[in-house]
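Here the structure is laid out as structure tokens; the discussion comes afterwards.
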């Protein structure tokens, strides 16, 4: 549905009040908004790689870019820094993020590659930004903090550390926002490659984007089993979310960075955004940051 190609399209969020899909292109340092009505993409450049975007209750967005949290006012194009983190790790940046059921913004970090396929290990962490702008560190020694979401009963937090090739489930205290007691939930099959972004549907099942696996998979958190696979027409599938007027459409982001020229020539859809219909299941509205 979006032909404008992204170097590293990520973190799609359906914004009901704008009837639009909001997402980031990490490596182009842009936050984008696509209207299915006009088919137009608006974008705003920021001064660092932007790993994630989420809605704010009062309008506009909260973003995680470079190693800082910030607010983004779409109308004035102003970016206001809330907090800087990890200033001792100049090679780190924020990656995926999402707002929890109580309006707190969870986002994690990772080390950038220093050469193709080369990165320092266990440099990432997962943070929670509270509505009062205070921050706690939830997890440490992560490789690539990635996809995240919460169970429908708000008792479980799901998180992907991509290089561990695993989806983990944590107990989650909705009152304090704290997570604990990690358990391995799913380990991808070889052809599914690396797990990336993730979202939950209205039946409490997880959808995981498989980067370099060219697919999204549906996992039952009760059994830890894959129950559905949807293949997409390009390999670097990065993330997914439900949207549309009744949340029955799935939007899927992709990337073209990481593909060599020969592969790119054979992958005309790399970096585009896709819509999947007919899944027979709906999603749930995104939470908004409560400040």
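Using the three backbone atoms N, Cα and C, a Cβ is placed for every residue, glycine included.
Not measured: the values here are computed from a predicted model.
As annotated by TrEMBL, domain 'SMP-30/Gluconolactonase/LRE-like region' applies to 8-255.
Residues or ranges marked as divalent metal cation binding site by TrEMBL: 10, 146, 196. All protein chains shown were included, and the count of other CB atoms within 10 Å of the CB of residue 10 (divalent metal cation binding site) stands at 26.
The feature substrate binding site is assigned by TrEMBL to 93, 95, 113. The Cβ neighbour count for residue 113 (substrate binding site), using a 10 Å radius over every protein chain in view, is 12.
Per TrEMBL, the feature active site, proton donor/acceptor maps to 196. Here residue 196 (divalent metal cation binding site) comes close to 146, 147, 160, 162, 208, 209, 210, 211, 237, 238, 239: these same-chain residues lie at least six apart in sequence, with C-beta atoms under 8 angstroms from its C-beta.
If you count neighbouring Cβ atoms within 10 Å for each of the binding-site residues 95, 146, the highest count belongs to 146. Other than 10, 146, 196, the residues of this chain whose Cβ falls within 8 Å of the Cβ centroid of the divalent metal cation site are, in sequence order, 11, 95, 96, 144, 147, 160, 162, 197, 209, 211, 238, 239. Long-range C-beta contacts of residue 93 (substrate binding site), restricted to its own chain and to partners at least six residues apart, with a cutoff below 8 Å, comprise 48, 49, 51, 65, 66, 67, 109, 110, 112. Across the fold, the C-alpha of residue 10 (divalent metal cation binding site) and the C-alpha of residue 95 (substrate binding site) stand 9 Å from each other.
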